[in-house]
Every structure is written in C-alpha cells, then in structure tokens.
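The signal peptide annotation in TrEMBL covers 1-24. Per TrEMBL, domain 'Plastocyanin-like' is recorded for 35-148, 161-297, 377-516.
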C-alpha cells in the first residue's frame, strides 16, 4: 500500500508539473500570408506592386516578448521569394533568417512556414523581401514587439500606437530596376517618398492631452530622411530594441534600415498638423506628408511645413551622438540594461571593413575589402551543415582593407561563439552608407571623419552607447561598433542600400563552436527547403 501511495504521489506530481509546463509555455501566433502581384498607386498612377494578403504595405505583426511566431508564406509570384525579419535576433535559429545565405527561396506556387521566437526583445522592427529587387515593389511591413506584463518599461503606457513606414519609391517596375543593375548600371534617383504607401493623406488620430507612441522605420532602398511633426516635439524612447535616454527632439534623421520609437503628446490647439518626411543629403529633395489629427479638430493642416534642419553631415553626426542607452531601464528580462559592462570586455578580433564601388567585367559592382559578394546556389548555412565543399572559403575576404581591384567571391568570416568583435566601417566614398547585422545587436561606440586609426579608440563611448542592429556611416568617415557574438549561426552583414547589397556589398559572419547541442543552436527545421548542392539530402 505504501509503495502504491508513493506511486500515486509521483504520478500526481508529474501531472502537476505537466500542467505547469503547459501553462508556462509562451504563446503562439499564427499567420497565413499569400504573396501576389497587384496594382496600387503610391505616386498617383497605377503600377505593379507586391501584396501580402492583398495589402500594400503588408500586414503589421503585433506581438509580445517571447511569443512564438509561425508565418506560412504562399508564394504566388513568378519568381522565388523570401522574407527576412529585420532586427529579430533569431536566437540559435539562423535557419529562419530569410536571406539567401541561410535559406533556399520559396519557389513560385509553393509555400514555406517560418517558425521563430521573439526571444528577449522589445521594440519596433520591420520585415521585407530579401530576394532580387522585390523590396522595390512592396511586401514590407511593421513588426512590433511589446513588453510582457511582468516587465516594467521606463515610461507610462501611451494612449495609442502608430506605425509609420517611410521610404523612397520608384515609378519603375522592380524587374526593370533589376535589369538596370544586371546591365552594369547604378540605380537612378528615386521618384518619390512614401509614408505607409502614400505621398500624402495618411491620417493618425488622437485625443487632445493624450500621449501616443510613433514607431518610425526607414523601409526605403537607399535614402536617408528627416522626420518631424508640425508644432510638436518628439521624445525618443527606443531604438531598434533598446530603451534610450528620453531626449526631446524636434527633428530626427533616420537612415535606411533603422527604426525609432518616440512619444508625442497632443498638447497643442485642437486641429490637424502635418507629419513630414524629407530626403536628406540629396541634390533633389523628396517630400512625403501625413496628418496628425486631433479628434476634436475642425481645422485642416496648413502650410508652411516645418522646415528640415539647416545642418547637413556634421549636424547629423552630432545628433547621432546624443542618442544614448538608458542604463537604469529594464530590458526584455527584469534586469537593468546597463548591468552588462560592454566597455570592460576584451576585444578578441578587429574587422576594418571598407566599402567601395568599382567595375568588374565592365559592369558596376560594389565590394567590401575588395570582395564583391556573390550568393552561391547553395545557401551557406546548408553547405556548412552538410559539409559540402566548394561553396565558400573562409580565406576569401580579409579582415582589413588592401590595395587592388575588386573581384567576385563569396565572403564569409569565421568567429568563435562568444567572441567580442570590434568592427570599423570605413567609408571612403562621398555618399551616406548604412550597415545592418542579422542575428545580433551591437553598441555604436564611435563616429568620426576621415580614416580610422587605433588612436580613435580614445573617442569611443564605452559607457552608454546605444545598441541597435543598423548604423549609418557618413561620407568620407568611419563608424565603430562592438558586438558580442553570442548567437551561433550564419549571419548576414550587409549594406542596407539595396542596390549595393544586390551587387555585392555584403558578407557573412559564421559564429561557431564544435558543441552540437540544442542549448547553443537549434536543429534545422524539418520543413527546410533544400536547393543547390543540398538538394536531395536528408536533415
């Protein structure tokens, strides 16, 4: 009897544990998206765009920290297609990153289900197509991650939440733009600037006296913009997943691939006010407007529009330095963000990456440290997993610039899991640059003019530099970042100027250790698409 009683107690305890585990499981959010061509008129006349579930821009994802996201994507285009999740860290899971170095594209009239978790993240992010020039046709959208109820945030819950997707736009069809690049030419200057798919007339309504969250993202192909709201200040609260010091701004520069979150209090007379975005550092200025409408407004917005800043590169760099990390705020976990003292960690390797524009075989190409990246038919992640030879070579790209003409190659740099890298982006050209790293965020510790030298480390902010996934690099200047490579996988480091990325200005970081364990990296998904030299193999 005693042994039977013990058995019942054990079974009961196991049952309770099972119930606890089920209840403790993070929520699942399911999406079914159909990707098609359609017609929209973003610049005032009909043109072909890419729709998701008939929407342009695509549907917004609203989630909570640690949610499990499943997105079943049906590709009804006439070309292979992939989506990438800009700023979602994909912890231990580069299998779901959605770029050609990690995933086979979804063939026409086929589908693939992305499965990933918004692990330990809070903030404003985006998604967009990573294949060919599909990004120039749409299929982009907002991806918002809210905090769990048990996590305090360093500001009062706002009274509303608006997502603003701002970016340059072309009249030219995306296939024609691809032909321009394939023929060896540069992309022309864009034809317009859009806010949520329109040049004007998007309306955001709120009540007088209340405070609203504005999530502002640059989803364009290449152009920085300045953002402002007529008659209102903006309080910056978050940048790409990091709480910032709550600094007021009347105007903000936002570069390709970046996202900012601000609070705006409706504390003016009840009427309509213009929301304005204008291109920066361009000979021709493109403008898009929207409307902030007080719910009790009886007066339409009136010009003049609030002007952009009079300062140019120097002004923008000084503004960038004012964006600081909030060291006393909780992150996605209940601990202060500043408890990890990045400024005291020993650097294990320094990469100095110089972008360049050059001709290869009489065609325009773009390179990093002389190598113009070419995506092989077999994704790098699959080649690495199956030990397929001949797909990439870790000696192709060097870790610092060298003299000589650019050449075609597949660029992969090796790193050991938990390495702490210093990466310097050296921009010797006369245009703005912007760089993004998948799978990680990083501390932007320094901006400077001219050539970077080791002596520039004396200028680094090693106390409260903001962490983010995309940073600008000013003309004839450098930007330095520090990154803890604690996420095992194959991660894309790319120019966010999409024509440059398409023509070779990107590379991959292989973050690796020899331990085969689900504690350091997920197994490949059973539904993984196999292509190139991986076709016909078994997971």
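The backbone N, Cα and C atoms fix where each Cβ goes, and this holds for glycine too.
Just so you know, TrEMBL annotations are computer predictions that nobody has curated.
Secondary structure by DSSP for the domain 'Plastocyanin-like' (35-148): 7 helix, 53 strand, 54 coil.
Model confidence over the domain 'Plastocyanin-like' (377-516) stands at 97, taken as the mean pLDDT rounded to a whole number. Taken through DSSP, the domain 'Plastocyanin-like' (377-516) splits into 18 helix, 60 strand, 62 coil.
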